């Protein structure tokens, strides 16, 4: 690994002036200048690894990696590390009508753009942590994966520019390779910097900023398409719009570079080990997972396939059924993301205080079932249903994922989470394709019935889990006062 000399924050001239003044004072006192390897004065300045000293312009609070102020600086770049990925993930959803009309494709073909994102992650959920731990390292890994999402987004845009839909699909596949792995790198950085400190808050803030990226996509992409369509005709306007979105991926790469520099510096100063994902994936552990884990996997798939595929196809649904304009349809479609950005930290505190995780999961499934029922069978203002859906999604996100750690030993958590995410992505890939076929053949009402059927399956699985859990000691539904 290349060893580059670190430049002191105060600059070479300030550092030299300080050293000369100190040496002059010592000589006037009759003292000898300190040895270069004196532990109180720092290591030799001829060495590549230069230790931390208090910079004159920012002070110790901001430049010492062990302080909260410095971690706050890291947190800013950490939160925006995946912003570009989340912004570009739902580019198709924000431009569904425009893509279908410009590229002359069916809804089934359009939904494949989401499927192609999920296919590589049926495997990469297992390999992402391994690549970071054993091959690239966290710093280079984050830079590589952020570069991959740029390449994927650019290929996606080029497919539109040259009117080749297969190239757009290939770009989404490449984008998926980098997107989920970048999330693994983000989580690894978070644990490395904030473990035993502000970790829960950090995860909540990361999710909030990421979902704001999704919301920003739905708010800005139609406007960009309209603007560029006045300058460029046909598929060129669509391609330029998608190419502009790639600049947000450049922001992610910039954050990855800055985090690599800060983490490398902190590793030298604090003498800590390189960050690792922690969970080691062992496929042989799968056969030892309890049946409650597999029931949780079923709940995960049957719930999430009613959320993300619906949002991906929802813009046209709101335009057709509720006669919304393109801008308002995008806004109401992205409402769950906006609600999640603010509600997740609140619900996280609630679940931490009360416990009863499995009960909250069941409540969230029932609430989402009500939301889809309102959208399918009534003409009540869809803002009501979508806000309620966002609240229930936030509640489930906070209460569901900790359940895995309650049924699987700690040494097997890496495999457990990898398996669950793999199954989730497999379900999303398949259901996204099926959803497009249903819309093409039967319309959006049957799509809602399809989602309601999946939510009923999720509810039945939750009820069965409650009964099985009660017989096994109730570990999944303990109140806070009973937890260790």
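Positions of Cβ are set from backbone N, Cα and C atoms, glycine also.
Of the listed segments 21-51, 52-82, TrEMBL assigns region 'Disordered' to 21-51. Transmembrane segment is the annotation TrEMBL gives to one range among 271-290, 451-470, and that range is 451-470.
Range with TrEMBL annotation transmembrane segment, chosen from 93-117, 118-142, 143-167, is 143-167.
Long-range contacts of the transmembrane segment (238-262) within the same chain, counting only residues at least 6 positions beyond its ends with a Cβ under 8 Å from a Cβ of the stretch, are 65, 73-74, 77-78, 80-85, 87-88, 91, 95, 98-99, 102-103, 139-140, 142-143, 145-147, 149-150, 153-154, 156-162, 182, 185, 189, 213, 217, 221, 224-225, 228, 231-232. Contact between the transmembrane segment (358-380) and the transmembrane segment (143-167) is not supported, since fewer than 3 Cβ pairs fall under 8 Å when only residues 6 or more apart in sequence are counted. The stretch in 143-167, 292-314, 426-445, 451-470 that contributes the largest number of Cβ pairs under 8 Å to the transmembrane segment (386-405) is 292-314. Tallying C-beta pairs under 8 angstroms between the transmembrane segment (451-470) and each of 143-167, 292-314, 426-445 places 292-314 first.
Counting same-chain residues at least six beyond the ends of the transmembrane segment (426-445), those with a Cβ under 8 angstroms from any Cβ of the stretch are 106-112, 114-116, 118-119, 122, 301-302, 304-305, 308-310, 312-313, 316-317, 320-321, 376, 454.
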